[in-house]
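Scroll down for the structure; my scribbles are underneath it.
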Amino acid sequence: MEKITLTRPDDWHLHLRDGEALKAVLPDTVRQFARAIVMPNLKPPVRTVAEAAAYHDRILAAIPPGRTFEPLMTLYLTDNTSPAEIQAAKESGFVKAVKYYPAGATTNSDLGVTDIRKCDAVFEAMQTVDLPLLLHGEVTDHRVDVFDREKVFIETYLRPLKERFPQLRIVLEHITTKDAVEFVLASDEKVAATITPQHLLFNRNSIFQGGIRPHFYCLPILKRETHREALLEAATSGNPKFFLGTDSAPHGRDRKESDCGCAGCYSALHALELYATVFEAADALDKLEGFASFYGPDFYQLPRNTEKITLTKTPWQIPDALPFPESSLVPLWAGQELSWKFAPVA
């Protein structure tokens, strides 16, 4: 197959940052995706509808001329989020979900939830108005092995949460384990998951090949090969409970290559080419459009896009670095040659 035509996809988990960084990275996302669920972990985080509206406006102002893009906003859940804020979020029309970060779990999550059980009144309100909950599904207990934190979160917090709020729509984001796949498969239609390109392409060996490879470091961290294989099977199965979410997370090279490097992989530049590489290797290119273009909007109860994009068999090399404010930005798998190339349909 030399060419694939797909309905224009959406990214259901994206970090855009703010200010000059936003202006630097947004064009990459806008080129490939029609919409994106935008993460709220700025400094300070996006905690209210008013803050989400202001951030929404800043994103719209940064869209390159001649491009169309719809940012789908989220609120950052804290111990102090109120049911009234949830009602306002639902009524806003542009806030599409609420994001749960365990305090300290990942970049800019210090103000996250200290105990998920403190948020039951908020979850009740979300269930009532049908506003989805997006989960960074890891525990932060330092006694739990970093490779086990997703599994422990599912057993300790997610199963009880689902039992307490059976009608709450939940997205377990950037899943990394066979345990997460099995939980989603065993749950009803109100539970779904996003999967990143890095967790489909690589296992934890990639972080340590010939030394420390900081540009493969993300959270949740890459896992062993058996987990990657389970994710691959889920993503390419055609099951609508699994859909595209890049978790593209830009950090300047100096923030990645340091004695305390930041977690995150930048894939917005070449996300669809990476996913196509994965699906082709699995002999499942016929399943790519559902994963990338259909299952996400269906879960979020939004219309599917009508525009088309193409991927053609055109070899090209991922750049070693991209421009970024006061630094440079190293894309995921920098220097690698890919055989698929993205193009919009004229």
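Just so you know, glycine gets a Cβ as well, placed from its N, Cα and C.
Among the features that Swiss-Prot reports, active site is placed at Asp247, with the record citing sequence analysis. Following the DSSP three-state reduction, the secondary structure of Asp247 (active site) is coil.
Look at Swiss-Prot and you will find His13, His15, Lys99, Asp247 tagged as Zn(2+) 1 binding site, backed by sequence analysis. Listed in sequence order, His13, Leu14, His15, Glu173, His174, Thr194, Thr196, Cys218, Gly264, Cys265, Ser267 are the same-chain residues at least 6 apart in sequence whose CB falls under 8 Å from the CB of Asp247 (active site).
Annotation source Swiss-Prot lists substrate binding site at His15, Leu16, Arg17, Asn41, His136, Leu219, His251, Ala263, citing sequence analysis.
Per Swiss-Prot, Zn(2+) 2 binding site is recorded for Lys99, His136, His174. The Cβ neighbour count for Lys99 (Zn(2+) 1 binding site), using a 10 Å radius and every protein chain shown, is 25.
Swiss-Prot lists Lys99 with the feature N6-carboxylysine.
The sparsest Cβ neighbourhood within 10 Å, among the listed binding-site residues (Leu16, Leu219, Ala263), is found at Ala263.
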